[in-house]
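So the structure is just underneath, and the comments pick up after that.
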Amino acid sequence: MYGIEYTTVLTFLISLVFVNYILKSVTRTMDFIIYRFLLVIVVLAPLIKAQNYGINLPITGSMDTPYMNSTTSETFLTSTLCLYYPNEAATEIADTKWTETLSQLFLTKGWPTGSVYFKGYADIASFSVEPQLYCDYNIVLMKYDGNLQLDMSELAGLILNEWLCNPMDIMLYYYQQTDEANKWISMGTSCTIKVCPLNTQTLGIGCSTTDINSFETVANAEKLAITDVVDGVNHKLDVTTSTCTIRNCKKLGPRENVAVIQVGGPNILDITADPTTAPQTERMMRINWKRWWQVFYTIVDYVNQIVQVMSKRSRSLDSAAFYYRV
């Protein structure tokens, strides 16, 4: 009997010693791993400069997240500037290194080399189809053309404001606009928009819902069309869907990281008369120079003043993001 008790006690003590040994081994192993990991971090820390730069993500729904550099406070050292210009500017300048020259000049104003991007576009119409405003600050140059005043105004209204948009299924539904901030925005290679207002019995007012030829044409073969109809009235629409996409959009407010500079013209285009523009100020300016070199020199000279009336990027705009948030 005593032999059995001694054996039990001995077994218990041996088990206790064994467990203690295992725990110490595990502890030593974990300490080794942790200390090695910390050593690697300490060694690599001086070689790594953490940055939290903005990432160009497609903005959808009502997401509104600012992406900012959080490690330094310099205004321009951590910012990017995009300068959009018509291709005719590069043609007139006829210098393969003209952008490098301007980059060096921007450097004198505090913009590091590589922070300024130059992006050409063919014409107002083509730029309207695929506006890509990815930088923290975006300056769009538009040369004045008396025949394109309305196109220029529509483009300015699009890029100087933010829009929350939803798809429209015009084959199944009628649509109405609720207020002055509610517009229908169409983009594509050729957008022809026709509308037929409806009464409470869904009968056409001055048109027949079964005859699209009786519809009123509000846009004809345009690349960008911002359509405004009578609020609170249902409409049946006809759209060239094979070459155009239409969205039901709500103006949210100004897009403060975009400025438009009009080159030439007797008067600057004024889109502030729109009652949905509040406050009645816009980031639109005018430069009256005949030669493009003078235009760019002026922009370099006053770039910091221009940027001061803007706010750093909070949203990106591209053709994919347009369909939900513009």
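In case you wondered, yes, glycine gets a Cβ from its N, Cα and C as well.
Note that this is a predicted model, so its numbers are computed, not measured.
Of the cysteines Cys135, Cys165, only one is given by Swiss-Prot as the disulfide partner of Cys82: Cys135. Disulfide annotation in Swiss-Prot: Cys249 is bonded to Cys165, selected among Cys165, Cys191. Reviewing Cys191, Cys207, the cysteine that Swiss-Prot connects to Cys196 via a disulfide bond turns out to be Cys207. Distance noted between the C-alpha atoms of Cys196 (disulfide bond) and Cys135 (disulfide bond) is 40 Å. Among the disulfide-bonded residues Cys135, Cys165, Cys244, no residue is found with its Cα located within 10 Å of the Cα of Asp95 (Ca(2+) 1 binding site). Here the Cα atom of Gln177 (Ca(2+) 2 binding site) is found 21 Å from that of Ser214 (Ca(2+) 1 binding site).
Annotation for Cys244 (disulfide bond): spatial neighbours Ser186, Met187, Gly188, Thr189, Ser190, Cys191, Thr192, Ile193, criterion Cβ-Cβ under 8 Å with sequence separation of six or more. Counting Cβ atoms from all protein chains shown, Cys196 (disulfide bond) has 23 others lying within 10 Å of its own Cβ. Under 8 Å, Cβ to Cβ, and six or more positions away along its own chain, Cys207 (disulfide bond) finds Cys196, Pro197, Ser214, Phe215, Glu216.
Taken residue by residue with DSSP, Ser214 (Ca(2+) 1 binding site) is part of a helix.
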